[in-house]
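Q: Mind having a look at this structure? Questions to follow.
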Amino acid sequence: MEIHSMGSQSKKSSFSNEEKNPVVAESIIDTKITKVTSEDNVDDPEELADLGYKQEFRRQLSLFGIFSIAFSVLGLLPSVASTLSFSLSYVGTPGLLWAWLIAIFFLICIALSMAEICSALPTSGGLYYAAAVFAPEGWGPLASWITGWSNYIGNVIGQPSVNSSAASMILGAVSINRSSYSPTNYQVFLLSVGIQCLHCFLASLPTRYISKINRVNTFINILFLFIAAFAIIGYAAKNDKFNHGTHPWREIKNTTNWPDGFAVLLSFNGAIWTMSGYDAPFHLSEECAKASVNAPKAIVLTAVIGGIVGWLMQVLVSYTIVDVHALITGSGNMWSIYLSQVMPKSAAIAILSLTIFSTLMMGQSSLIASSRIAYSYARDGILPFSGWIGKVNNQTKTPVNAVICNGIISICILFLLFAGDETSSAVFSVGAVAAFSAFTIPIFIRVFCMKDSEFHRGPWNLGRYSRPIGALACAFVALMIPVLCFPNDKNPSPKTMNWTCLVYGGPIFLTLIWYAISARKWFKGPKASETFKGESCNPSSIPEFFEGKEK
């Protein structure tokens with residue numbers, strides 16, 4: 001396996017001479033990087049140093065460990081429960097079946113392209129780092145800035161949305177037995193805050209404990225998913241409540257003012273929201289053993305297994321729904337109403353309890369991933385109070401300050417529960433739009449702005465299929481982001497308006513103003529935290545590195 005190196009000295013010898021010839025690089029873009037593509041060296045601290053960073057985390061996550069966290073972030077059982085309103089409300093059961101089936105194909109294309117990039121550049125900065133590396137000369141800082149803020153907004157918003165879903169389901173379990181009970185906003189808020197505090201504690205533990213917890217959680221999530229599926233099948237068979245034939249596939253019940261085809265596109269939101277967390281292995285790569293191989297494998301495994309199993313759950317729900325109209329128009333948690341249709345109250349509460357536990361674990365994994373994003377961005381000085389946020393705790397060797405920061409932001413976001421359903425729905429649905437915007441920027445640059453010879457592939461790569469798969473990924477996201485910002489009605493009122501474009505576009509617009517006024521003067525891309533050595537690290541631009549040319 002070839003090792004790409006721009007220096008005359010070997011990687012390890014130059015690393016050992018760091019105290020003799022220290023040259024601190026201000027930006028990755030201004031630093032000549034050596035990229036290791038050998039599977040024999042993917043666990044070395046020197047590989048991370050070649051990417052511009054010092055090894056600060058302990059690499060204690062195996063392939064299964066990092067997959068466990070990503071699979072927990074997906075949280076198939078709670079995600080299916082939470083996205084019924086997205087998938088079902090627009091066109092009925094075809095939104096569960098066709099929308100998921102079509103969307104998953106393209107979402108796997110995005111995952112494959114992301115995994116290839118992760119293998120080449122396995123850092124916690126992930127997509128934000130890759131955008132800076134791949135962008136044409138002079139555009140790296142801006143591409144990195146937009147990607148970083150999109151990714152951060154998507155992740156920091158997604159975590160409290162999971163917690164509020166867990167709180168809603170907990171209170172929804174109460175309403176199954178007490179039909180007169182209706183949860184209030186302050187009850188959902190207080191319970192969500194309590195859940196958030198628990199997640200902050202769990203996400204701050206040492207990596208070895210986080211790995212063990214998430215391994216157990218993965219088995220539990222899979223077990224609970226199968227228990228829920230078999231319980232639904234069993235009660236549906238017992239009561240002869242299966243929907244037969246092709247009726248669930250073809251009976252479109254369009255509840256929007258748009259044509260049926262466009263309404264089906266709107267229902268893609270369920271699959272997109274569910275699959276918006278498979279970038280977690282990228283951000284955990286600095287804590288992963290053999291990151292250039294295991295992290296991309298975890299991304300692909302999460303997308304493929306999550307997509308297939310998630311779609312099978314959609315099939316199950318579609319063929320066991322008793323009354324679609326009652327489900328769409330009913331008040332309260334849609335998953336709770338569905339379970340009440342299929343099985344007795346006691347069984348519904350039991351399955352709902354399993355869903356709640358899985359949702360709690362999903363929220364914990366989401367905070368782990370988002371805190372690593374915050375840490376990597378603070379390390380490069382992007383966030384306010386970056387000096388404090390970007391510190392690694394000496395005892396746990398985890399970014400505890402970043403966990404606390406994201407926890408505080410999540411609690412502030414939860415206050416929007418008091419602003420009404422329209423506002424809170426817009427805030428929480430923006431996570432998918434922000435996440436996939438960040439996913440696609442480096443993929444787009446790599447596919448349309450770089451020659452194949454300029455892209456130094458890692459040990460896990462797509463070979464000749466890299467460009468067509470990346471093009472499919474970009475085309476899908478370019479189509480879906482505007483679609484997901486459309487309201488249900490052609491002439492919406494403030495109550496029926498989809499405010500996603502404003503909730504996402506507003507913060508991004510403000511960060512662009514910040515960049516134009518101030519950040520462009522000091523932000524030059526991801527910062528190099530490691531001292532570089534000898535002649536092999538004279539400052540040079542990333543485009544020159546990929547071209548293999550000297551100035």
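Every residue gets a Cβ built from N, Cα and C, even glycine.
Pulled from TrEMBL, these are the listed features:
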COMPBIAS  1-16  compositional bias 'Low complexity'
REGION    1-21  region 'Disordered'
TRANSMEM  61-84  transmembrane segment
TRANSMEM  96-115  transmembrane segment
TRANSMEM  127-146  transmembrane segment
TRANSMEM  186-206  transmembrane segment
TRANSMEM  218-237  transmembrane segment
TRANSMEM  299-322  transmembrane segment
TRANSMEM  342-362  transmembrane segment
TRANSMEM  400-420  transmembrane segment
TRANSMEM  426-445  transmembrane segment
TRANSMEM  465-484  transmembrane segment
TRANSMEM  496-517  transmembrane segment
Q: Please work out which recorded stretch in 127-146, 186-206, 299-322, 426-445, 496-517 has the most C-beta pairs separated by under 8 angstroms from the transmembrane segment (96-115)?
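A: Per the Cβ under 8 Å count, 299-322.
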Q: Taking the transmembrane segment (342-362) as reference, which of 127-146, 186-206, 465-484, 496-517 has the most Cβ pairs under 8 angstroms?
A: 186-206
Q: Is the transmembrane segment (400-420) close to the transmembrane segment (218-237), in the sense of at least 3 CB pairs under 8 angstroms with a sequence gap of 6 or more?
A: no
Q: As a test: from 127-146, 299-322, 400-420, pick the stretch that has the greatest number of Cβ pairs under 8 Å with the transmembrane segment (61-84).
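A: Between the candidates 127-146, 299-322, 400-420, the best contact partner of the transmembrane segment (61-84) is 299-322.
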Q: Ranking 127-146, 186-206, 299-322, 465-484, 496-517 by Cβ pairs under 8 Å to the transmembrane segment (400-420), which is first?
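A: Highest pair count goes to 186-206.
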Q: Which stretch from 186-206, 299-322, 465-484, 496-517 shares the most C-beta pairs under 8 Å with the transmembrane segment (127-146)?
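A: Checked against 186-206, 299-322, 465-484, 496-517; highest Cβ contact count belongs to 496-517.
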